[in-house]
Each structure stands twice: as C-alpha cells, then as structure tokens.
C-alpha cells in the first residue's frame, strides 16, 4: 500500500494483555509484584555496594547495571500497569517513539556493559597481578561511557528508521510496549529493506558483545583449569559465575526474541517474550548477584540487623 490515500496515524493502541477482567487483574498484580521486587532489589544493590568494601571495578559495573535495570523496568512496566486497569490503552506517536528509543538505548547499553564486565573478570582471573593497573577508575568510566555512546547511536538510528516509515492503520500494536517487530508490521509500505537493516543492527548489538564474552570466558576457563587446588578453582569460578548467569539470561532472551524466524512463535508468545528482558531479568539480576555473593549478603545482613535494633 502507498500512504497517499490514507490518513497517517498520530496515536497507537498497545493491545497487549487480555480483554478478560480477571486475567487483567492477575497480570496487574503479577507485574506490580515483579516491579516492586525489581526496584527494591536494585536499590538495595546500589546502596549496599556503596560500602567502602565494594569500591572495586566489579561492583562499580554492578551499580551501573542496577541503574540500567531500574530504568528499563520503569520505562515499560508502569505504562503496562496503567493499561491493565484502564480502558484507554492509547499512546501518542511521540510517546511511542520516546519509549522505543529508551528501550533500545537501555538494552543496547546493557549488552555492551555485560561485555565490559566480562573483560573485567578476564583481567581479574587471567592477569591478577596487573588487575589494579589495568582496571583503573578512568578505564572503568571510559568503558561505561563507551557502552552508553554505543547504545545511543544504535537507538537513534533504529528509532529514526522505524518512525520514518508511514503508519496509515490499523493502529493496534500487538505488544505491551512499543517495540520494533510489532511496530513495523503496521507500516503501509514495503518494510523488507528496513527488516534487513534491523536484523543487521540486532546481530551487531547482540552477537558482537556476546562473542567477546564467549572469548573472555574461554580464556577464563582455561586459566581456571590451570589452578592446582580444587578450592582455588571453585573460588575463582564463583567470582565469575553470577556474571555468566546474567549474561546467559540476557543474551539468550535477546536471541530468542529478535534472531528467530517470525513464524517460530504464536502471537501470545511474541507479546510476552520481550517482557523477559524488560521486566523479568531486571528483577533477577540483583537476586543472582546478591544471593550468590557472601560479602554482599554479610553487609546486607548487618545493615538489616542495625535497622531492627533501631
């Protein structure tokens, strides 16, 4: 279709969820609980890791990760909660573009940050004697800045590409939030070129950092296997295992969502899968890092005991 004989859209409708009132209430309370745990867990991580004992590169990156998780969940979940209780699920053209930009920026930045965290673990395990020399504060800040700049470039380009497409109707986005795959299906022009560009960008954003992480952990595992004592091997691997779990969850969900053929999933699965990395993983990250870290648990326990005594 050509847009000439159509009225261009100025609003969209987020049609995620269900028309059944009981299911809407269940979804509301479920994601309200997830969001509460996400904010609480990540704020606790931010607070606890400000303790002088955690002024190391690993915990600096963890604080940035917690901030990104809070931001990602806050861009998506509150709007969803309002939509679950409201009959009006419309979102303006500008609001949709802003939400899409934020989701892509935060997601792309986190992809790059996880690669930076893998590099930190690589230096700590494979070059421990020079760790403090290599991973200076300036280097850590530069890695975070590079991650943000990369995320911003990807987000600006992708958002601009999507919103230069003509949208002439229908205006129902088959998703809980504004995302690229359901949006481009609403365009009234041929999107095959854009889809190829989007896949190329997705491969670069997801697979490039993922390959760097795989390479880092190949070197890490090789170094761990050279450690003579089993206790030393276990301790060294434990220092990397939380990041490995988080990276596997994040990149695994990204690959399942954006690099699988369109026909692989039903419409309902397509709606819920993106919530894995925008709502569920931000909730799990602080649980994975805190529950598997004895030092963090010890500081958290002391602080809770101090609060209870007061």
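Cβ atoms are placed via backbone N, Cα and C, with glycine included.
Residues 26-48 are the range that TrEMBL records as transmembrane segment, among 26-48, 164-186. Taking Cβ pairs closer than 8 Å, the transmembrane segment (91-119) reaches residues 9-14, 58, 61-62, 64-65, 68-69, 71-72, 75-76, 79, 143-144, 146-148, 150-152, 154-156, 158-159, 162-163, 173, 177-180, 183, 205-206, 209-210, 212-213, 216-217, 243, 246-247, 250-251, 254, 277-278 in its own chain, all 6 or more past its ends. Tertiary neighbourhood of the transmembrane segment (199-225): same-chain residues 107-108, 111-112, 114-115, 118-119, 121-122, 125-126, 154, 157-158, 233, 236-237, 240, 244, 247, 251, 254-255, 258-259, selected by CB-CB distance under 8 Å and a gap of 6+ residues from either end. Counting Cβ pairs under 8 Å to the transmembrane segment (139-163), the stretch among 60-85, 237-260, 272-291 with the most such contacts is 60-85.
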